[in-house]
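The structure appears below as structure tokens.
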Amino acid sequence: MDHTQPKSERTTAVAPIPFDNSYARLPAHFLARVHPTPVAEPWLIKFNRPLAEELGLNADALERDGAQVFSGNSVPEGAEPLGMAYAGHQFGQFVPLLGDGRAILLGEVIDRNGVRRDIQLKGAGKTPYSRRGDGRAALGPVLREYIVSEAMHALGIPATRALAAVVTGEPVYRERVLPGAVFTRVAASHIRVGTFQFLAARGDTEGVKTLADYVIDRHYPQIKGQERPYLALLETVAERQAALIARWLGVGFIHGVMNTDNCAISGETIDFGPCAFLDAYDPAKVFSSIDQGGRYAYASQPAIGQWNLARLAETLLPLLDPEPSEAVNLANDVIAGYGPRFQTHWLAGMKAKIGLIGEEDGDLDLVQGLLRQMKEGQADFTLTFRRLADVAESDTAEHAFAATFSDPTALGPWLAEWRARLSREAQATPRERAQAMRLVNPAYIPRNHRIEQAIRAAEDDGDFSLFEALLSVLAKPYEEQPGFSAYAAPPAPAEEVFRTFCGT
Ligand code: AMP
Ligand code: MG
């Protein structure tokens, strides 16, 4: 561990946080106790007051002391800062020890709904897991994670949340010199598939059991006392991941680095470094500069979810059944069941997107027919569905809908089929149907070029107004916001983003 830099001291002078820590009570090898490394000149860029209130924190005091607390310069009383140990398959390659190399868990709080939540500083200095990294984060990735976390939440998709962002007043050295920043993240927990893999890879079956029991207690108490609780845990995680990834596909989200260490057991979207959203629909789309083989392409995400689930299952084998072959059979059944689970969630989501409630044999074909046309016509994913809601309300909207396709006349036959199918739907007036569709088809998503523009202005000019504007539009993604229609538009050719970077 690097002791060359001073570590922050505990102080009671700053805003108190009612910590109630449990991860710090787990066996010593699960974690490393480490204090944040103070920074030169912290300045609070953004504080999420509503989230602080939801967490039961003293928002006034935190707003006042935010620069100190959210930089890690002052560690509030009751915090037990630590880095979590984890392993992970990175692009398919197993790494037995990764761990929080630049993230420090301050502690946990119980929120207003009685849910235990982690408060973690990302970019707060080196930890014993930093390897060759500097333990720091650059401003750009911090703003990106802030925007996308809150946008996902507003879209109704489980994700870690953004509590605060601070600039450090110190440079970080990447390909270029960049302003340093610290991101404060809130999660139901930061336990990953890789956390289980870390213990399993050490042959620490007792540790795997301790972690599994902890996870059941914390996230899935309903399965406690079941005859096969660890099998139920695997099934529950399968269900959460299937549901989550179906939601991602429904808004055109590409995570970018679905390594097992970036796959949260809670079912929250986590660690979306080089994530991006589809503009034109293309199932093979990849943005991340480090994903050269396209392993984590848009349409590959469900299969990767299953692959990650299989890695979790491997760690649980000794707990599933004393008879190894029976344990493997049980695990295989869950892994095989993931496909149908995903398909059910995905189809339900896609049907809702095109305004269907009832069930007919041809529904899947109808959805796939539209997606085929979208791919051929390079139609903007978000606009297509949003405008289809307008068509559901009035035929006069058909022109604008068709204009999202390179050949506006190509959609005629599909629209005819869709209308015929709608005519067999129960009740719903055109207006009601359109409104239901607008509740599942966002007008606003965090478009890559908008994020890029917000980061550019902040990095180059210290101008956070675009960041603020974007956050405010994305807080109500399903509502038409007069005056902000430009935020619904795809990029102009010169604005298009082709590559995204982790920024680590
Ligand atoms: P990520 O790509 O952010 O999911 O990180 C993968 C692994 O690299 C994790 O173990 C991180 O803690 C570690 N890591 C990433 N960036 C840094 C950094 N700047 N300093 C130390 N460790 C890092
Ligand atoms: Mg990660």
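Even glycines carry a Cβ here, placed using N, Cα and C.
Heads up, TrEMBL stuff is auto-annotated, nobody curated it.
In the record from TrEMBL, residues Gly99, Gly101, Arg102, Lys122, Asp134, Gly135, Arg185, Asp271 bind ATP; the candidate from Arg144, Arg192 listed for the same site is Arg192. Nearest neighbour of Asp261 (active site, proton acceptor) by Cα distance, taken over the binding-site residues Gly99, Asp134, Arg185: Gly99. Taking only the Cα positions, the spacing between Gly99 (ATP binding site) and Asn262 (Mg(2+) binding site) is 11 angstrom. Close contacts with ligand 1, defined as a Cβ under 6 Å from any of its atoms, occur at Arg102, Asn262, Asp271 among the binding-site residues Arg102, Arg185, Asn262, Asp271. Within its own chain, Arg185 (ATP binding site) has Ala103, Asp118, Ile119, Gln120, Leu121, Lys122, Glu145, Ser149, Thr160, Arg161, Ala162, Leu163 as residues 6 or more apart in sequence whose C-beta sits under 8 angstroms from its own. Less than 8 angstroms from the CB of Asp271 (ATP binding site) sit Val257, Asp261, Asn262, each of them six or more residues away in the same chain.
For Asn262 (Mg(2+) binding site), the number of other Cβ atoms no farther than 10 Å from its own Cβ, over all displayed protein chains, is 22. Close to ligand 2, meaning a Cβ under 6 Å from one of its atoms, are these of the recorded positions Gly99, Arg102, Asp134, Arg185, Asp261: Asp261. When other Cβ atoms within 10 Å of the Cβ of Asp261 (active site, proton acceptor) are tallied across all protein chains shown, the result is 24.
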